[in-house]
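Engineer: Right, I'll just put the structure down here and ask away after.
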């Protein structure tokens with residue numbers, strides 16, 4: 001048993017587990033087996049039962065803070081797939097039992113790379129942004145009532161209209177965050193496969209943790225303070241064009257609610273990294289829906305039908321028709337959004353993430369690619385050769401320029417590895433032959449000129 005549990009002396013980090021797996025998974029040996037297995041690069045469990053497969057996965061789940069993934073193609077892998085956090089089934093000749101018990105399924109094992117590095121990373125990114133924005137918008141909405149309680153004697157009087165409270169999470173702010181949680185991306189899928197280090201934030205739980213949670217709460221509280229006290233301070237001394245004061249409850253409610261919807265819509269627009277037609281439709285459509293419902297609830301039509309429910313007749317028209325109200329909304333929006341923009345610009349400049357570097361590199365290459373293809377075509381044969389070579393480098397070698405902006409230790413391994421050199425052997429041979437030939441001819445001409453001068 002000790003020989004079976006000892007790492008291979010050849011140094012490749014693999015060891016088989018065949019005869020001793022029943023003893024290794026016992027209570028007195030499982031910790032030693034786990035520590036030995038974690039010291040190796042890979043562990044091969046040969047001829048084990050379906051229950052023992054599940055026990056190995058359960059052993060890692062219990063004693064290691066890691067997310068486990070199990071992949072299988074047959075009925076004997078069902079217990080292992082169900083035990084792991086994420087189960088992946090391969091549909092093939094073994095049947096579809098593993099597919100039916102799994103969370104994800106595909107036809108070939110090679111698609112696991114795309115599932116993890118592309119769709120898995122996107123899913124983690126979308127979920128983190130979804131949660132951060134969800135907490136932010138609800139704290140910004142709810143904490144306004146808390147500040148209002150100091151001015152109404154905590155009498156349970158609400159700041160907003162009752163219909164606005166009902167429709168805020170159902171209609172006004174539901175579809176934009178849903179679109180972000182479905183379609184959002186930080187880098188294209190080709191870049192996700194080219195830069196495996198982009199997968200690291202998910203492993204280290206960097207995008208959503210306690211720190212990010214409290215940052216979202218603090219941002220929501222700050223937004224609620226601005227949305228309450230800015231309209232309160234302005235409207236307390238503001239008057240209409242005819243001299244009538246604007247300091248009434250319904251004007252304050254409409255102003256605060258409108259500012260809230262605009263601020264959270266601008267915030268989700270800033271959080272969205274990949275814009276589609278659906279994102280535009282949901283974000284700006286939600287704003288349009290808010291104003292449509294707002295004017296409809298304060299219209300004379302609903303007042304004539306339901307006079308007891310819609311008794312604030314014309315309040316929206318009167319409030320939003322005042323220039324000071326729109327200036328108040330604009331001031332509150334700027335005060336809420338300006339710190340966010342400043343913080344993100346400073347973070348992007350002082351401590352950029354790898355995804356920011358990849359996006360910047362891709363943008364630079366796209367800008368250089370358009371004029372670069374036409375610049376060297378009228379300079380002769382050498383210019384054409386160098387222009388075509390640069391075109392191939394721009395299309396396929398974007399990783400090399402990403403290293404210059406990475407500023408991270410360990411990223412050079414991706415550059416020096418064979419996977420990062422995207423130029424084909426034919427392109428390299430063409431590049432070498434063209435440039436080396438011209439270089440040799442130049443030396444020959446110089447040597448011939450020197451010999452001629454000496455002879456003279």
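Backbone N, Cα and C define each Cβ position, glycine as well.
Below are the features I grabbed from TrEMBL:
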DOMAIN    99-352  domain 'P-type ATPase C-terminal'
TRANSMEM  130-151  transmembrane segment
TRANSMEM  163-183  transmembrane segment
TRANSMEM  213-232  transmembrane segment
TRANSMEM  252-270  transmembrane segment
TRANSMEM  282-305  transmembrane segment
TRANSMEM  325-346  transmembrane segment
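Structural setting of the listed features?
Structural biologist: Beyond the ends of the transmembrane segment (163-183), by six or more residues, the same chain brings 126-127, 129-130, 133-134, 137-138, 141, 253, 257, 261, 264-265, 268, 271-272, 274, 276, 278-279, 282-283, 285-286, 289-290, 293, 297 to within a C-beta distance below 8 angstroms of the stretch.
Long-range contacts of the transmembrane segment (213-232) within its own chain (CB-CB distance under 8 A, at least 6 residues past either end) are made by residues 132-133, 135-144, 146-148, 151, 159, 252, 255-256, 259-260, 263, 328, 331-332, 335-336, 339-340.
If you look at the transmembrane segment (252-270), the same-chain residues 6 or more away from its ends with a CB under 8 A from one of its CBs are 133, 136-137, 140-141, 144, 159-161, 164, 172-173, 176-177, 180, 223, 227-228, 230-232, 235, 283-284, 286-287, 290, 294, 315-316, 319-320, 325, 328-329, 332-333, 336-337, 340-341, 344.
Counting only same-chain residues 6+ beyond the ends of the transmembrane segment (282-305), those with a CB under 8 A from a CB of the stretch are 161, 163, 167, 171-173, 175-176, 178-179, 254, 257-258, 261-262, 265, 268-269, 272, 311-317.
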